[in-house]
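See below for the structure under consideration.
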Amino acid sequence: MDTSSKENIQLFCKTSVQPVGRPSFKTEYPSSEEKQPCCGELKVFLGALSFVYFAKALAEGYLKSTITQIERRFDIPSSLVGVIDGSFEIGNLLVITFVSYFGAKLHRPKIIGAGCLIMGVGTLLIAMPQFFMEQYKYEIYSPSSNSTLSISPCLLESSSQLPVSVMEKSKSKISNECEVDTSSSMWIYVFLGNLLRGIGETPIQPLGIAYLDDFASEDNAAFYIDFLPSLKNLFGNPVYFLYLCTSTVQFNSLFGMVTYKPKYIEQQYGQSSSRANFVIGLINIPAVALGIFSGGIAMKKFRISVCGAAKLYLGSSVFGYLLFLSLFALGCENSDVAGLTVSYQGTKPVSYHERALFSDCNSRCKCSETKWEPMCGENGITYVSACLAGCQTSNRSGKNIIFYNCTCVGIAASKSGNSSGIVGRCQKDNGCPQMFLYFLVISVITSYTLSLGGIPGYILLLRCIKPQLKSFALGIYTLSIRVLAGIPAPVYFGVLIDTSCLKWGFKRCGSRGSCRLYDSNVFRHIYLGLTVILGTVSIFLSIAVLFILKKNYVSKHRNFITKRERTMVSTRFQKENCTTSDHLLQPKYWPGKETQL
């Protein structure tokens, strides 16, 4: 055997005995220019990132809780409120691709810090209308305490109770208010501020999670170069693509539900805005946080695999939406509002039309059908205004205003014939507070159950892709959630909810404002129905994710075992051949043999 053949055999033997299954990422991918942090620095980064998430969640949760107040403050419909709420995702959309793709090549903690500063500026911009706008005026009956004129709510057609000078001043005042109203669109500040918040939040999630995942493991995922090939690689992964579709549909459901939950509590159970927001902040948000934490603890303690994470994600979704179905039975009936939900005689049902607010009992009064100044009569029926209730006199008792001689209240009153009323809407029936308590209990359990699958879902997302595509995959994931769920969900939820409006408010210039009264039954079926339908679709997609994941896992496991067995047999055979060859070659030839002879 010649010298070249012997060298080839020896080289083959050296390379064949290397351990199998330990690829070197350093040789496969270029190394990162980013300095690898030590353990202490990584803990500081984790603490700072946790604080950012906490502050971001507080700001976002507070803004979600003020959806109803924004609607009333700027007198805008729910559909426009949905656009304002979706501006956060619009800002995120503008830069998410660049940040997730090029951000891994730069200093990620610095980019995250710059994003936090932008978020702070956006939050300050959202607060600007509070300092520039005049004090909010409630749309309730409030006669001037300094006036010496005796003005009744019902202005009779046969007599003019106001002097001409007073009426002229009133018209000029309305004209001035109209000019001020048309020049103020302060909701744009909230829109732009939320847009900036979305831009600043962009690098936090994809870069922060990928940064921790990189340096918390032994191998550091490297950069990727080729955009379209990387995108093709991601969407060619069936598990990633199906999970992306599942999350998009599920977040459509969650975004719509969370955005209009305070409004739903107000309209369905007759609770005030402050009470609705207080309850959500006190009960639901801790339940969500506890659910996310519990999911992470379960993943770590039981060492759940990727398939186990997919099962936990599916189980939490199924159980959560099954609980959500029970909320259909926990609704309250409509409030009794004369001319809208009941007739002026107190009978049900009533067919709503343009002149339904007028009746024989208020036919002599010159009342406006556009104003919403609710009055609760002694008969338990709410009237759109004291004028439409036919009230002749009023009296202020401290902060309360009491109306007397209300002709419409009298015809629907009990045998006592009391025809008085007070400012404000009547409370719903006695069974509604108990329904609200049941709603809170189920809502808390549902929030905890759905959030339990949050961490397993993220683990599934990170483990089903190649390490070098982590940042890019998270960026595409965030982009899809923002574009296909965060932006459209509040808008179409708001548009459909507006279809259940019974009484619209009007601005000073006559244009339509925000809704004053909703049909509780229609509102409940739209709000809960959309949420459940979207959740059901996401469950079927989750089943498909688990099926594909199991199929791929089983096939890869079999292929790995077969390949490993073949490699072991081949290695053993090659070792034996190498040993035999060396043994056979040793007596015939060794270096220096001819010299010694």
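Placed from the backbone N, Cα and C atoms, the Cβ positions cover glycine too.
Curation plays no part in TrEMBL annotations; they are all automatic predictions.
TrEMBL lists 355-410 with the feature domain 'Kazal-like'. The transmembrane segment annotation in TrEMBL covers 110-128, 240-258, 278-298, 310-330, 435-462, 474-497, 526-549.
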Positions on the same chain near the transmembrane segment (278-298), where near means CB under 8 A and six or more residues out: 57, 61, 65, 261-262, 265, 271, 304, 312, 316, 440, 443-445, 447-456
Summary of DSSP states over the domain 'Kazal-like' (355-410), given as helix, strand and coil counts: 7 helix, 16 strand, 33 coil
Positions whose Cβ lies under 8 angstroms from the transmembrane segment (526-549), at least six residues beyond its ends: 238-239, 242-243, 245-247, 249-250, 252-253, 256-257, 260, 264, 306-307, 310-311, 313-314, 317-318, 320-321, 324-325, 327-328, 460, 464, 493, 496-497, 499-500
Segment-level pLDDT (mean, integer) for the domain 'Kazal-like' (355-410): 86
